[in-house]
């Protein structure tokens with residue numbers, strides 16, 4: 001059974017703080033191992049990648065087989081049934097349409113001093129996408145990472161995906177194909193991240209690496225950050241549902257379980273002003289857990305990290321939700337727009353009972369790569385912006401320099417940066433000569 | 001003397017690659033020390049911060065003196081001469097005006113399936129700004145970090161700035177005051193970063209930490225990343241000037257020196273199709289170095305990392321510049337706009353000979369916190385966006401769910417995420433009952 005908390009109980013604040021502070025992930029300290037792997041790949045290139053892949057993935061490769069060939073990709077994706085392909089294509093189309101709207105505008109203007117100012121957006125030239133192998137090898141994540149990159153205008157897009165024991169997920173290859181990925185490497189782990197960051201004889205380095213992975217991948221991304229760009233370091237998934245109790249409890253139970261089934265460390269929280277509804281949802285969860293294929297995982301997550309919180313009203317529910325800053329927030333209430341207006345911190349909001357979170361995982365359009373572990377307080381989900389960068393522009397005229405240059409010179413002198421001041425002064429003096 | 005390279009020489013590619021690959025910064029491995037400091041601050045709070053400040057900054061503090069009092073701030077800033085104050089206020093006003101234009105728009109629309117989609121931007125609630133003490137304690141950096149935060153709508157803004165031996169820079173306090181900073185703590189180093197990330201009895205934790213610092217500060221920021229947001233990890237400063245040779249060589253020399261004087265690890269590069277002009281600039285640099293206050297620092301930087309590169313034409317200059325992806329790029333040419341259109345990777349572009357880079361450091365308007373060490377390939381300067389986060393929004397109607405729900409269900413089944421599929425199916429079944 002999950003925790004049941006009542007916000008009007010005297011002990012609530014302590015219990016809620018404990019829930020917020022819960023450490024759900026045991027990050028093993030793999031930093032030394034990862035540092036050695038990265039150094040090895042930098043030094044020995046392909047040979048190191050091949051050796052590490054043999055060791056960790058039980059796969060004997062040669063340089064020519066690091067990447068899937070066109071023929072291999074075609075053969076694999078031919079095995080995908082038509083309805084799965086159609087579903088993937090619908091998802092891709094909707095994700096593309098949403099992300100195309102995110103493209104930011106360039107700007108350029110002249111200000112009162114006569115200075116011309118602005119900025120310009122440009123795409124990152126190349127990106128690498130990490131796709132986990134095995135159980136968490138999700139084709140939907142390929143779409144969610146690759147499509148924003150292509151919409152941004154990234155020209156060269158590589159995927160790395162380990163194939164332990166040679167097992168390939170054809171849907172991952174198809175998703176990469178649909179999204180416009182150029183090269184797919186059958187490698188993973190810290191060695192794949194190192195290869196993407198530094199390049200090898202056969203693997204071209206990229207400018208940015210995104211995508212989820214295990215502790216080794218996360219540590220490797222943290223280490224290569226600076227050499228290349230990275231996205232966030234993702235933690236276990238979370239959902240918070242605020243429900244007014246006017247929905248079928250089974251729907252809410254399934255929504256909670258759809259996070260819980262990801263991972264034993266996932267967290268599902270229901271907040272409702274209707275205590276009886278909270279109990280009904282908990283019963284529905286137990287009933288569903290009896291037959292769910294992933295009942296071991298989902299059951300452990302729900303038991304260890306799940307919570308049902310009863311509040312005085314929806315306003316209090318929104319305030320508590322903001323303290324959680326959930327990755328996914330479902331508002332199963334009569335007026336979800338009004339409640340959403342009260343929410344400040346959430347990665348994604350799903351409005352109303354007809355919007356189960358799972359829609360957002362696949363076909364909604366918004367990205368499903370979202371800030372976890374309360375980081376929605378300060379960060380956003382993946383977007384086109386993650387594959388763009390901004391160059392600022394400034395152009396002074398002689399009269400603009402005359403207007404604002406002396407202040408720059410003054411501040412340079414204050415900061416003991418003489419050459420800074422002189423670079424402005426030399427030009428001002430020329431203007432005064434004229 | 002700096003390196004002189006000619007792009008038409010047979011050995012050029014090797015020499016240019018070596019220049020690109022030059023390691024300019026010796027990052028000492030302080031990770032273990034920093035980990036211990038962070039653990040200490042988490043465990044012992046104020047007591048640890050005070051002890052570490054006594055040890056590293058030779059400052060005896062008590063909890064009540066961790067923050068500057070209003071009276072102390074007033075007394076310090078009263079010492080600032082009127083012209084310095086006016087220059088700082090002009091800078092603040094121009095930085096504010098530029099960054100106000102960066103505020104992104106919310107979006108909401110209905111798509112063909114009848115789904116309502118969009119996103120909403122919101123400010124991070126609190127931010128902490130690291131300001132180095134001593135020589136690199138720049139009031140302009142306070143403005144460049146704090147103003148975007150305030151424009152974004154950050155409510156609570158703290159500054160940490162060490163005051164070794166009790167030495168305070170009144171201009172830093174004034175800049176913080178002008179920018180709207182709420183609290184200024186006289187602490188620094190990894191202990192200040194830890195205090196901002198985790199909080200102590202008297203220091204409230206913040207959601208994001210920005211600002212430059214030494215190796216300890218950088219290592220601490222890297223460690224607390226995830227717990228809080230951080231900005232980039234800044235490296236030594238760089239400038240690249242492309243000049244057509246029609247400018248006074250002394251101007252270009254001063255522009256190159258205005259980066260070189262920052263730091264012995266700074267890098268200044270001139271690219272020009274006019275070999276004689278390149279020589280003239282180098283002579284002008286030597287002449288200026290004779291009298292420059294920071295001639296030791298600037299001379300070392302110019303000698304060790306400076307370069308003059310002669311190209312066939314401006315087009316080739318632009319291509320080489322893109323391989324450097326410089327933090328600051330000055331285009332001292334007759335038609336800077338045309339040349340800028342050829343540039344893809346640069347943190348900031350300064351257009352034309354009347355726009356010395358130093359203008360951008362202080363009063364131009366654009367941010368001077370910019371991507372270093374070739375990271376302009378994949379990242380941008382500090383902006384209002386760094387203090388905002390996006391929440392995505394999705395709302396399905398019954399008919400929208402009917403249209404796209406089956407594809408979500410199909411993909412959930414493919415990914416063996418049964419509850420995901422059931423959460424959609426339960427709703428679709430209800431629709432079919434009606």
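Each residue, glycine too, has its Cβ placed from N, Cα and C.
Summarising the annotation, TrEMBL assigns active site, proton acceptor to A:327 (among others). Classification of residue A:327 (active site, proton acceptor) by DSSP places it in coil, neither helical nor stranded. In sequence order, A:237, A:238, A:239, A:346, A:347, A:348, A:370, A:371, A:372, A:376 are the residues of the chain that are 6 or more apart from residue A:327 (active site, proton acceptor) and have a CB within less than 8 Å of its CB.
Per TrEMBL, active site, proton acceptor is recorded for A:328 (among others). Applying an 8 A CB threshold to same-chain residues 6+ apart, the list for residue A:328 (active site, proton acceptor) reads A:237, A:238, A:239, A:240, A:259, A:346, A:347, A:348, A:350, A:357, A:360, A:370.
A helical conformation is recorded for residue A:191 (NAD(+) binding site) in the three-state DSSP classification. Around the Cβ of residue A:191 (NAD(+) binding site), 28 further Cβ atoms fall within 10 Å across all displayed protein chains. Among the features that TrEMBL reports, NAD(+) binding site is placed at A:130, A:191, A:214.
The feature substrate binding site is assigned by TrEMBL to A:237, A:259, A:262, A:328, A:361, A:415, A:420. Less than 8 angstroms from the CB of residue A:420 (substrate binding site) sit A:408, A:412, each of them six or more residues away in the same chain.
Residues or ranges marked as Zn(2+) binding site by TrEMBL: A:259, A:262, A:361, A:420. Taken residue by residue with DSSP, residue A:420 (substrate binding site) is part of a helix.
Taking each of the binding-site residues A:361, A:415 in turn and counting other Cβ atoms within 10 Å of its Cβ gives the largest count for A:361. Cα separation, residue A:130 (NAD(+) binding site) to residue A:361 (substrate binding site), rounded: 18 Å.
Once Cβ contacts within 10 Å are tallied over all protein chains shown, the binding-site residues A:214, A:237, A:259 are led by A:259. Proximity to chain B, defined as a C-beta distance under 8 Å, is registered for the following binding-site residues out of A:130, A:361, A:420: A:361, A:420. Cβ contacts within 10 Å of residue A:262 (substrate binding site), excluding its own Cβ and spanning all protein chains shown: 25. Residue A:361 (substrate binding site) falls within a helical segment according to DSSP.
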